[in-house]
Amino acid sequence: MARKTIKVDYMARVEGEGALKVVVRDGKVQSAALSIFEPPRFFEALLRGRAFSEAPDITARICGICPVAYQMSAVHAMENALGVAVDGPLRDLRRLLYCGEWIESHGLHVYMLHAPDFLGYDSAIHMAKDHGDVVRRGLDLKKVGNEILTAVGGREIHPINVKVGGFYKVPRRRDLQHLAERLKGARDAALETVRWVAGFDIPDRERDYTFVALRHPDEYPFNEGRIVSNRGLDIAAAEYDAHFQEIHVRHSTALQSRMRADGSAYLVGPLARYSLNFDRLSPLARQAAREAGLGSTCRNPYQSIVVRAVETLYACDEALRIIESYREPDAPAVPVEPRAATGYAATGHGATEAPRGLLYHRYRLEADGSIADALIVPPTSQNQASIEEDLASYVESFLDLPDEALQHRCEQTVRNYDPCISCATHFLRLDMDRE
Amino acid sequence: MAETARKPRLGVWKFASCDGCQLSLLDCEDELLAVAGAVDIAYFPEATRGDVKGRYDLALVEGSITTPHDAERIRDVRRWARTLVTIGACATAGGIQALRNFADVAEYAAVVYARPDYIDTLATSTPIAEHVPVDFELRGCPISKHQLVEVIAAFLAGRRPVTPAHSVCVECKLRGNVCVTVAHGTPCLGPVTHAGCNALCPSYDRGCYGCYGPKETPNPAALGDKLQEQGMDADALRRVYRTFNAAAPAFREESERHGP
């Protein structure tokens, strides 16, 4: 029988470097492996000996696409270790900053990285030739996200204003008012985005995933909540390590996470967050999701683009709510001291919802506040096993496609996860071997 | 003439990095489609599918060299590119991952990975200019998107980019900021740090942490003495110069004055 090999040397429209190898025999997928060859940067090693206060700036550099997520998980883990609580307007500002990152990151992925797959273009720039107004709408939506990041964080990439305990300087109420006008426009654009992507030709594929996400008593989760699953898991961030494990496979410089109990794969990110927290969305976002044909649970990863659009709408709504109720705090941060005075070391855990999913940090601190050891588990590491299972399970149903279309479909299947390889290095060449 | 009507071909390459500097190009929401109209974005895997083959008029290179494979790959990029511009602290100074240069990389790999034998890495993280000739270096962690647009515009016009090499202090004065060191005693690397951020941290009541790397002809030792007077111990002094531009010679030498 003739043997076919499809090969893509470097997978595009993902953040970072990786490759994918799918082996097909007799119409069955024998194996699907996602290789990440992003060079290791050894963050967990280089953090040792640094002051607890340096973690937000250093870990931001793990990912230029979602630096706020790294800063937020870092500050929450440090505050957990040092017994500090950040409430009121400072907590709201953190949530606002996170809204900015979701709008920017989801806007980037929906318009620039993922939509071209559904509409048959190589990139948003090519897409702009036929759909100029749509691409401009996407760019403007993304820009509003960046404007929030700049207003609260100082700049879009690697914000400088986040510190353990709060901020260096808080925005004046009037500094945020012009954002309210911009956000009303962005909310309309996000609603149009939901309707636009809901009209795409979306493959109908589902699997029974284990969804893992944060859940909070009364909010759609960003910074805080318990780690829950659709299979009954309900734990505090501090118990993360007892339930999840990282495994090092030869074909990847990224560690892969699995459930500790049975070694099974699980899924974090928009699908999991949405399915576990539908009732926590704003009424507008829930209504838009219903109109887009989504139920209160979504198990079709090709619909992740619709869920991202719904979450973008939510983030615009939530950002507006925060800005309208914002009162300037008395101080930009609460004081945080190492526990030298009491002379004991401390361990802190932080789990927040990066645009791509749950991001867990754990730090053990010396009595002087320096970092003794660090553990960072990014969302793409946690999703790697699910991505491989999706390929193994869905590619078979697309095998009647011609080679080029099949290759495209495989890439799209990976991009469903908006994988961020820079974070996970710890991406993508497609090597399709079929007969 | 067909030859002169051809748009210049732009390529974007990534080495060890966070993707943030190349994201700056996609963050130019107001200019992106204009840039795409003026140049042929021929290779930009973060944003577009497409083949790497061919010659490039402008190569933007992000990231540092940390693996034997990447040390080879950058030579290919140099061969294909007429003009090669490095963007960001990783590409111009080795990045935060250059902290391994002061440590034992095998020990680092053992701390992070269960199977360090699967990991193929160099003992050091080095800037692109240590491997191939570079036509222009744009600094910052991350770069300023305004400076990136300036670099592309200057390239299209055939002139040098205007990116001042003076210190963050000058930017503070131009912005009318009150000096955080003089007024509040806040430690600040502004006097030795390359301009480009528009004095961002001091404008947020925070000392500069040097993410743009050393300015032209800095005096980090003099600033080190001042920081010591303000109460920084040797350990803190070493760390303050060892962040995102730790391997830039001026910062490296000053950090080594305060310990191994």
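Even glycines carry a Cβ here, placed using N, Cα and C.
As recorded in TrEMBL, the features of this protein are as follows:
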BINDING   A:Glu44, A:Ile376, A:His426  Mg(2+) binding site
BINDING   A:Cys63, A:Cys66, A:Cys420  Ni(2+) binding site
BINDING   A:Cys66, A:Cys423  Fe cation binding site
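Between the binding-site residues A:Cys63, A:Cys66, A:Ile376, the minimum number of other C-beta atoms within 10 Å of a residue's C-beta occurs at A:Ile376. Filtering of the binding-site residues A:Glu44, A:Cys66, A:Ile376 by Cβ separation from chain B (threshold: under 8 Å) yields A:Glu44, ordered along the sequence.
Its Cβ taken as reference, A:Glu44 (Mg(2+) binding site) is surrounded by 21 other Cβ atoms within 10 Å in the chains shown. DSSP assigns A:Ile376 (Mg(2+) binding site) to a strand segment in the three-state reduction. If you measure from the Cα atom of A:Glu44 (Mg(2+) binding site) to that of A:Cys63 (Ni(2+) binding site), you get 14 Å. Under the DSSP three-state reduction, A:Cys66 (Ni(2+) binding site) is assigned to coil, being neither helix nor strand.
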